[in-house]
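Visitor: This is the structure, below, for whatever I ask next.
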C-alpha cells in the first residue's frame, strides 16, 4: 500500500488523478461518518459536505504541510466546511429531545449501537465533535485540538461531559452499554 505522502506528492507534482482517487477512497468513509455525526445524522447533507471537502482537498492539496497527519488535516477541512455550512444556512445543531427515541428495552447490540448513535446526536456540537473524533476517528486529544482549535482542557471536558451525558441517558433507560 502506498503511503499518503507518496500519493500527495504524485497529486501535487504530476496531477495524478489515480493517486487522488486513492486518497479519496482511503478517507471517504471516515469523513462521511464524521460529517454525519456533525449534522446529527443528516446523510444527504453529510454526503454533500463530503463532496465539498474532497473538492476543496483537490484545490488545496499543494498547501498540505506534514506538521499534522494527513487524516487530521483532512478532518480539519471537513470541520471547517461544516462550520461554513452551518453559518450559511443557520443549520440547527441540536436535535429536538424526544422520549420516543429511547425505548426501555433494547434487544440486540445493533439496536444498542443505534441508540448510542442517536444519543450522541443529541449532544451539543462541541461535545459531539470531540466524542466523534476521539472514539469514531480514534484521534488523540492533540489532533482534536488541531482540528477544532479548542484548548486541551476544553477538548477533554467536552469528551468527558459528552460521555457522562450519554451514559446517564443509557442508565436512565436501563440500558448497559459503555460509551468508551
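Note that Cβ sites are derived from N, Cα and C of the backbone, with glycine treated the same way.
TrEMBL labels come from automatic prediction, so no person has curated them.
Take a look at what TrEMBL says about it:
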{"type": "DOMAIN", "residues": "23-88", "note": "domain 'RNA polymerase sigma-70 region 2'"}
{"type": "DOMAIN", "residues": "115-165", "note": "domain 'RNA polymerase sigma factor 70 region 4 type 2'"}
Visitor: In the domain 'RNA polymerase sigma factor 70 region 4 type 2' (115-165), how many residues does DSSP call helix, how many strand, and how many coil?
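Guide: Each residue of the domain 'RNA polymerase sigma factor 70 region 4 type 2' (115-165) counted once, the result is 42 helix, 0 strand, 9 coil.
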Visitor: Using DSSP, break the domain 'RNA polymerase sigma-70 region 2' (23-88) down into helix, strand and coil residues and give each count.
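Guide: Reading the DSSP string over the domain 'RNA polymerase sigma-70 region 2' (23-88) gives 56 helix, 0 strand, 10 coil.
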Visitor: Summarise the model's confidence over the domain 'RNA polymerase sigma factor 70 region 4 type 2' (115-165) as a mean pLDDT value.
Guide: 94
